[in-house]
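Asker: Dropping a structure here in structure tokens format, bear with me for questions.
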């Protein structure tokens, strides 16, 4: 404090920071990247452990015996699904009632803003079927949910069979202290969204659904099961939910503990845990696992039906059965015993899961990185913006004077308000157009061009995004030529704007905030009107939000060991854009409005600075 309160020392400190600004910024950037990459190194991470005392021990005896019967039920479900051409509602109702459940149905419908060509649907109508097993030893104020989506074709039939088998087995047990809801939802996430809105009496997405006739208690936790094979080699745990939300870490710890107890091979991001962390291949494996989680979380989309539960503060995860060439085999009885053990432990909870972490990254199922470990990596990148803002502030506080031929010192003219305000307003108007026009103008585009509605939406978004780069003359639109002080003021505003934007984003979704900081911070730090225009413009385009998304698509495919060609990657990129717009309209994903209304306009401000005249 004495250093900052002494005017001479304060001036000396500020002088040193401005004099060494560029080297310090480069060191901070390299340190931030190195810190993040070091998070996957096992000695720098924490070993997972159970924080909730009620679930600390796995000393329960799982006795689920009916795996083969459950698979037979799944085949019967598949036959009725094929016969009806969709959800066999009547058969499900009869089957659940025969197992002693209170059975209810919910009808829903949703008109998409434009056709979803990936799943070939536009006007979606369906029915959810759910049965409630009432708790015999409690006042029925709390509930647990086990769900299995009714997927098209031969997908997920085995999951529905195991769900019904568990319902019959749970009905014969007397130790349940919570209601257990067995839900079969149609049309995957759309059906789940309708059921959750009906259960909680909310309607945030404009979907039409019938009110639920039966409800359980307050939902404490939920699991979504996805199986598409009679034989499973491993179970994959999916945690990433809507807008980067994650369930309490104890839920993942519980899954891993029972997998270890029963002898089931378990993975996360499709990657097995490894013990050779001190080798190059072991470290590379951990980095790939962590980067897959970062990219999935940054996408802000729900990666399973569980992702929508997190919005209602319900801890949830998806368990996906994988049938690969691994030599390990797990039958349906073992999967049922695993779920039985997890639900018996969740049944013991006296309060919601809260003692463990909600913000974390996982290089493997056995290790995790807490928020206190990964936030410094982002802080080092954000520090660069503050250092550049300090440097600009000092330059603006004491502008250099020039001497005329007559020996008169001339102070540079102050920038006009319009020269600063104009690019700010027009950049954000371009962002508003990018957010609203693609969906609103799809019919007009279809009339004048030979494209489908989905193609019209995506191509319009790309056209507006590309056309926004022509806004670099807006600072002279109303105020004439720009001044030297003008671009510095605009850059100071843009740098502080970006710092606040990235900081708020990282608090909500660290992965998204870090990826944006990784690409936008170097651009914001060193862009000026005096750098080579052509080379700098190319670098700015490469680091723009749109191309960052394109690179992320290719990088994600490489990490999943499913590389794609340039043409396939481009088509996948277009699909990702359309899905991002749909996810925002259907489920409330924040990535598209954040990118269109805030990130892209901020990038346009730096584009204006580069072409300032």
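Here the Cβ of each residue, glycine as well, is placed from N, Cα and C on the backbone.
For reference, TrEMBL lists these features for the protein:
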- 20-41: transmembrane segment (TRANSMEM)
- 371-390: transmembrane segment (TRANSMEM)
- 494-527: transmembrane segment (TRANSMEM)
- 534-556: transmembrane segment (TRANSMEM)
- 590-612: transmembrane segment (TRANSMEM)
Asker: Counting only pairs 6 or more apart in sequence, are there at least 3 Cβ pairs under 8 Å between the transmembrane segment (20-41) and the transmembrane segment (534-556)?
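Answerer: Answer no, regions not in contact.
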Asker: Counting only residues 6 or more past its boundaries, what in the same chain has a CB within less than 8 Å of a CB in the transmembrane segment (534-556)?
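Answerer: That would be 291-292, 295, 298, 462, 465, 515-516, 519-520, 522-523, 527, 564, 569, 572-573, 576-577, 595, 599-600, 603, 606-607, 610.
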Asker: Which residues, given as numbers and ranges, are at least 6 beyond the ends of the transmembrane segment (371-390) yet have a Cβ under 8 Å from it?
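Answerer: Result: 14, 17-18, 21, 24-25, 28-29, 31-33, 35-36, 39, 44-46, 357, 359-361, 492, 495-496, 498-499, 502-503, 506, 510, 513-514, 517-518, 521-522, 524-525.
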